[in-house]
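Novice: Here you go, one structure.
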Amino acid sequence: MKLELKGITKRFGALVANDHIDLVVEPGQVHSLLGENGAGKSTLMNVLYGLYEPTEGEILVDDRPVTFNGPSDAMAAGIGMVHQHFMLVPVFTVAENVALGNETTKLAGMLNLEQTKRRIREISDQYGFDVDPDAVVEDLPVGVQQRVEIIKALIRDAEVLILDEPTAVLTPRETDELLGIMRQLTEDGKSVVFISHKLREVKAVSDVITVIRRGKVVGSADPSASTTELASLMVGRSVSLNLNKAPATPGEETFVVENLTIASATGPALLDGVSFGIRRGEILAVAGVQGNGQTELTEAIMGLQDHVTGSIRLDGEELVGRRTRDIINSGVGFVPEDRNVDGLVGTFSVAENLVLNRYDQAPFARGVSLRPAVIEANAAEKITEFDIRTQSAATAAGTLSGGNQQKVVMARELSRPLQLFIASQPTRGVDVGSIEFLHRRIISERDVGTPVMIVSTELDEVLELADRIAVLYGGRLMGIVPADTSRDVLGQMMAGMSADEATAQHTDSKGGAK
Amino acid sequence: MSTATTLPASTPAATVGVRSWKTPIILMVLSLLGLAVFALGAPSNDVTFRLSDPGEAIVLPELVVSAPVVGWFTAVLMVAAAAWALMLTRSGRRVPVWVVAVFGLLFVIGFLTWVVGSANTPNVALYGLLSGSFALAIPLIFGSLSGVLCERSGVVNIAIEGQLLFGAFAAAVAGSLSGNAFVGLFAAAVAGAMVSLVLAVFSIKYIVNQVIVGVVLNVLVSGLTGFLFSTLLSSDAAKWNSPPSLPPIRIPLLADIPILGPILFNQSIVGYLMYIALAAVYIGLFHSKWGLRTRAVGEHPKAADTLGVNVNRTRFMNVLLAGVVAGVGGAFFTLVSVSAFNRDMTGGQGYIALAALILGRWNPLGALLAALLFGFATNLQYVLSLLGTAVPNQFLAMLPYIVTIFAVAGVVGKSRAPAASGVPYIKG
């Protein structure tokens, strides 16, 4: 099936999310859409999948124009989509999820799940998915859930499969498996639209690459193009992908976590006996696939978790059991992983958000009253220093772009002397230009002698910033390895192998290959 | 040679559960209460339980027990169960649900024996207690099923009370005017659906807070029916407020089963409709296409939407259906139990139905059991006040609500509501 988009434009009020986009997806191809967060890739795919109606332009299937009034029309036309956030009902079984909306029924509308299960097994065997139709979805690993999504599309006879940022939640190993599945699908004559901002993956799997920037197609590239070329095309100017940071000059170990355990009411411990230390002037990056205890670790340090046992000491002082406010006041800066939920108050102004952690202290407050003039002056200073692109200090923080919101959070947390700096997903959903800036700020914080802990699920970011790398898997520390550890070793640690085993195996297999 | 292909199976993190002391502590307190009251405070006389109505085909003999023996027996077993629960929790294990259930049964037996034994006449008709409980549970079950239908599709239904009350009112008026009880039953279903329609329009279309709409609807129905009762219905009660009643229909043979037979198979049409509704909702919800879509819409509406399920229409239809079910339940008040409408005659049963829904974990069968429990507590209060016990009447009147609070507060454990219940769905 050939799929063509002609002059697709999508406006939300004054905002032009897609601006006359043309795209042709040929059968048997992996067609990658490369672009930064907010470039308009997801909007385009939602138009294609019938979730949004295009303001202008048309969609052609096998050269015939079609209109989609909803996802069911798109599915009927042979288009399947795997959303970035899975569209699976967690408490349903795989079979129930696959059947939903496409039920085979017996008499009187009774479900015939047996038939659905048979089809799932057929598809699962054909592509080697290894999916049990009776498993409950919420108990399955993310990689398997993704395959359930693919089965959902295939069982509806999808000829074009849209994968929206599919690798964001996968381990490196699962990512490799997914790329393999994509090749298998194209061999069967199906086509895949692969949406991503990860250059290496796009290069590895694509037949055609289309680059989108600010809602427009800015060009297409050959998979053989270098990552630097692709990056500059994506961002619109030349970017340096390497920070070239100076080597760390670590001092004494002032931050120590010992045997940290967080019990859970429902199942395995969220964090199980984690111990590590961070020295002054050093960045420890915590790597791991999302949901392996990183959130709990940072929240435990900030006093935001219950049922914590073990010890967290900063400059010899115990933090476990203390109030969050005390922990902040003892000099801990914290950038939470989701700025919209924990980092900012969206309806407050930029100026107010910049003093959220110190609004009740001098110089921003006197007695019970705030001092607006000082808060204003502080905002003006930080906006210049961090290059925050905002109309004014009084603009609501929620209206800023992701990168600028993150700069507000970072500016607030970095604008006082710190004893410890923790940043969780410091550049998630941030444009490439801002990433570079934020990374430099983190490194300069290290260089003034603060112990820094970075939590990131992006291996690229971990490798860029880290002086040492700790890997979490299933709430346990798989080990702490030097910053120059290879991706393969890190990938296996992220899948649950201890540092020693992973390193040994890696050198082993290298030796075996010779 | 390389052995690199096998990933060593790394052991998962050890289960370090958060110990919940709630259950063992409650059990311990109740068992000590039992020890002090049922055993040490036991009356010295015998207690008689009558098991069958003398008019039944098979009459069981009366059960005569000694109050101190039963008191000590239940108290000791309860203390043992509580101690065992304490030990289990100490060693980090969960207290099984059946232990709590057995404990509850022991407590009820101990309490009944003690309270009847210390009454003026230590003699109680157990069959009457049970059949009365069942009758009281019928509108609760209808109410809970209404709640199940709404909440499983993602709409919180606080308006059960209003649906029951309006159903009762409509059944009384339509039944009186037409002289036909079935017209009354139909009118009750329509009245329930009307309350639901308002709930659906405001909560689904206009995205008003569902709890607030529900509460407002209850107040509205109460005020409206109260006004009409004091003006229209009181002016000519013979014309407006004397509906014919639906008589019990005895199913041969089945109704002759001792104890259960007369309770289950000597019901009015409304009672039999309850069995049908219960079975239909249960089977439909878990084994039909409609049920799969309903549950999907209540758990993850966006997922359902991306698969071509119309979320808001599914919710709308379910809320309307829920109104029909609760309306029929309301008819029980005026067509079966009392043959006249009275101001606020549902008396908070809708809220108890809501509690039964939560205690029953949003499952029709669970709601059935919970409704039976609440029905039992309510009827026990009536029966005991007739017997003339030492316990003040006001305390007995609290009984059903105390049971509700304890039950819902979670002796039974944590329950999980449909994820999207109460969350309006906005496309895009």
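Our numbering is plain: 1 for the first residue shown, then up by one each step along the chain.
Just so you know, glycine gets a Cβ as well, placed from its N, Cα and C.
Just lifted these from TrEMBL, have a look:
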TRANSMEM  B:25-43  transmembrane segment
TRANSMEM  B:63-88  transmembrane segment
TRANSMEM  B:95-118  transmembrane segment
TRANSMEM  B:124-142  transmembrane segment
TRANSMEM  B:154-175  transmembrane segment
TRANSMEM  B:181-204  transmembrane segment
TRANSMEM  B:211-229  transmembrane segment
TRANSMEM  B:272-292  transmembrane segment
TRANSMEM  B:316-338  transmembrane segment
TRANSMEM  B:394-412  transmembrane segment
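Are these features on the surface or tucked inside, and what are their neighbours?
Specialist: Counting same-chain residues at least six beyond the ends of the transmembrane segment (B:25-43), those with a Cβ under 8 angstroms from any Cβ of the stretch are 67-68, 70-72, 74-76, 78-79, 81-83, 85-86, 95, 100, 103, 106-107, 110-111, 113-114, 117-118, 122, 406, 411.
Residues 23-24, 27-28, 30-32, 34-35, 38-39, 41-51, 94-95, 99, 102-103, 106-107, 109-110, 113-114, 117-118, 122, 126 of the same chain lie 6 or more positions beyond the ends of the transmembrane segment (B:63-88) yet place their CB under 8 Å from a CB of it.
With a threshold of 8 Å between CB atoms, the same-chain residues lying at least 6 positions outside the transmembrane segment (B:95-118) that come near it are 23-24, 27, 30-31, 34, 37-38, 41-43, 45-47, 49, 65, 67, 70-71, 74-75, 77-78, 81-82, 84-85, 88-89, 124, 380, 384, 387, 389-391, 411-413.
Long-range contacts of the transmembrane segment (B:181-204) within its own chain (CB-CB distance under 8 A, at least 6 residues past either end) are made by residues 146, 155-157, 159, 162-164, 166-175, 210, 213-214, 217, 221, 243-246, 269-270, 312, 315-316, 319-320, 322-331, 334-335, 424.
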Novice: Any contact between the transmembrane segment (B:316-338) and the transmembrane segment (B:154-175)? By contact I mean 3+ C-beta pairs closer than 8 Å, pairs at least 6 apart along the chain.
Specialist: yes
Novice: Of the stretches B:124-142, B:211-229, B:272-292, which racks up the most C-beta pairs under 8 Å with the transmembrane segment (B:154-175)?
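Specialist: When the Cβ pairs under 8 Å are tallied, B:211-229 comes out ahead.
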